[in-house]
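According to Swiss-Prot, the features are:
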type	residues	note
MOD_RES	Ser7	phosphoserine
MOD_RES	Ser32	phosphoserine
SITE	Unk47	site 'Subject to oxidation and hydroselenide loss to dehydroalanine'
ACT_SITE	Unk47	active site
MOD_RES	Lys62	N6-succinyllysine
MOD_RES	Lys62	N6-acetyllysine
MOD_RES	Lys86	N6-acetyllysine
MOD_RES	Lys86	N6-succinyllysine
MOD_RES	Lys112	N6-acetyllysine
MOD_RES	Lys112	N6-succinyllysine
MOD_RES	Lys119	N6-acetyllysine
MOD_RES	Lys146	N6-succinyllysine
MOD_RES	Lys146	N6-acetyllysine
MOD_RES	Ser195	phosphoserine
Amino acid sequence: MCAARLSAAAQSTVYAFSARPLTGGEPVSLGSLRGKVLLIENVASLUGTTIRDYTEMNDLQKRLGPRGLVVLGFPCNQFGHQENGKNEEILNSLKYVRPGGGFEPNFTLFEKCEVNGEKAHPLFTFLRNALPTPSDDPTALMTDPKYIIWSPVCRNDIAWNFEKFLVGPDGVPVRRYSRRFRTIDIEPDIETLLSQQSGNS
């Protein structure tokens, strides 16, 4: 079953995919981001690393956005039910609960989606097939089987909230990072891609 899903993601870039912003409106085509370096994360409001990862995502977008980085967050409730609110509740949860203190993401958040299983968003099926394991933890798997609430279960499944996918300015996925790899520590790899981007322009 997992191998059969490869054909569904027989694309070479992320530009074939689109997603609807959390705030509503028309779907955003990732094709509109050609030439940008993309950092894509599956996020959750109630995770143990929510504060760390959201603030680091904001930091990278603020500092590197003007040079061509675009951070994209996809809320997902598949890991410990840690994004169990409705789409319209997520921004208030971030603002008042975690991270709290009036926090507002300065990057694009999309509507809740699934990232594993039969109902996975096609973008994440593509990303998982393009980069089957995190570069920093090739043996990463869901640590507790009772949390697996999707089917089919595949070897390339995302293991938890805040896995990261770095995509080059040509739309090709470059590297995948586990939940344990801090968002801010991706900066050197982003810098490398940004320098390649400016060298090609």
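Just so you know, glycine gets a Cβ as well, placed from its N, Cα and C.
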Neighbour-count leader, CB within 10 A, modified residues: Lys62, Lys112, Lys119: Lys112
Recorded positions clustered about Lys112 (N6-acetyllysine) [Cα within 10 Å; pool: Ser32, Unk47, Lys86, Lys146, Ser195]: Lys86
Count of other CB atoms lying within 10 Å of the CB belonging to Ser195 (phosphoserine): 11
Neighbour tally for Lys86 (N6-acetyllysine), based on other Cβ positions within 10 Å of its Cβ: 7
Inter-residue C-alpha distance, Lys146 (N6-succinyllysine) and Lys119 (N6-acetyllysine) (nearest angstrom): 19
Nearest recorded site to Unk47 (site 'Subject to oxidation and hydroselenide loss to dehydroalanine') by CA-CA distance, among modified residues Ser32, Lys62, Lys86: Lys86
Per DSSP, three-state class assigned to Lys62 (N6-succinyllysine): helix
Residue among modified residues Ser32, Lys62, Lys86, Lys119 with Cα closest to the Cα of Ser195 (phosphoserine): Lys62
CB contacts for Ser32 (phosphoserine) [other CB atoms within 10 A, all chains]: 10
Rounded Cα-Cα span from Ser32 (phosphoserine) to Lys62 (N6-succinyllysine), Å: 20
